[in-house]
Amino acid sequence: MQQFLKGQEMRYAEGVRIMKNRLITLQNMVTKAAPDPQSVSCPALDAPKDGRRFGTKYFVDHEVHFTCEPGFQLLGSSTRVCQANGSWTGDAPQCKVFSTCSSNPCQNGAICVAGVNQYKCTCAHGWTGDNCQYQTQTDVNECEVYKLEGAPRLCMHACINIPGSYRCSCPSGYKLLGDGKSCEDIDECGLSLHNCTRGVTCINTGGGFQCVNPECPRSSGNASYVKTSPFQCERNPCPMDSRSCHHAPKSISFHYLPLPSNLITPTPLFRMATASAPGRPGPDSLRFGIVGGNSRGHFVMQRSDRQTGELILVQSPKGPQTIEVEVDMSEYLDRTFQAKHVSKITVFVSPYEF
Ligand SMILES: [Ca+2]
């Protein structure tokens, strides 16, 4: 029995030995089939300009490290590893001059200006903040805000909203004053900007001008007139016995008044007074009246003192329109009619309240 067991043990040990030898042979075969790692290498790597390289072995699995000089920053791979296929991992590093703008800190289309250890962003329109990260507040329409009740009036005429601000404008025939909000009529007559022909008088009005050439009434009965000035007609002497001629106006004068729209009423517009020749006794009483053109009741005529009558605007007309009104003044002496004077007033109402 003991002999038998010994024989078995020896055979087992022999089997193990054979197996070991076979394994070694097999191992050697496998090792020889694989390429020798020491025999594969990657191409040489240079240090980047303004940088340094660490590591000089270019065999498989070896690493090479790169750094940049102070003031430069590394772009690309700071570490590269030689791969079994003979190429390096990553990208070739570069050393670029360090800029505070390198990280693109300015947003939303801003322009970055680099400085020493700092940068400044010049924001695109509509953006704000250190890095232009905030949208600027949307534009305030001042024109709308100030339309609200109780707010001061921004513009005399029109308000035009522009991004971040506003401006005022005036209608044609007016100019914007230096305060940027008020409108002033252009005096076309004074500035010779009119086209009135010779012998015709230019009358400046709000927003424009008028060319006027008043004419005297035609002869009627025994009364006839002569123009004594551009705005005045005088009656020629009457035959002694012509009552109708004596009652016809002794003088007719023409007056032109430019007015804004919606004037505050009542407001005196025109005064009429007697003028007696020096050394001659004047009339002892006067009567004033409106003799034509007041169909809409815009005016009243009243005595302001013993010698003067006043035409008063009591209802403000809205422009643009032209209103004519005719007033007269009759002179009496000892309750006897002496003479009558007529004033023809033309009011040019502008479309605006200025
Ligand atoms: Ca004018």
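Placement of Cβ uses the backbone N, Cα and C atoms for every residue, glycine included.
Sequence annotations record features per position, and here TrEMBL assigns domain 'Sushi' to 40-97. TrEMBL lists Cys68-Cys95, Cys123-Cys132 with the feature disulfide bond. Annotated domain 'EGF-like' per TrEMBL: 97-133, in sequence order.
The C-beta environment of Cys95 (disulfide bond), restricted to residues of the same chain at least 6 apart in sequence and closer than 8 Å, consists of Pro48, Lys49, Asp50, Gly51, Cys68, Glu69, Phe72, Gln73, Leu74, Leu75. Secondary structure at Cys95 (disulfide bond), as computed by DSSP, is strand. Counting every protein chain shown, the number of other Cβ atoms lying within 10 Å of the Cβ of Cys132 (disulfide bond) is 22.
DSSP assigns Cys68 (disulfide bond) to a strand in the three-state reduction.
The Cβ of Cys123 (disulfide bond) has Cys106, Asn108, Ala110, Gly129, Cys132 as same-chain neighbours under 8 Å, each 6 or more residues away in sequence. Reduced to three states, the DSSP call for Cys132 (disulfide bond) is coil.
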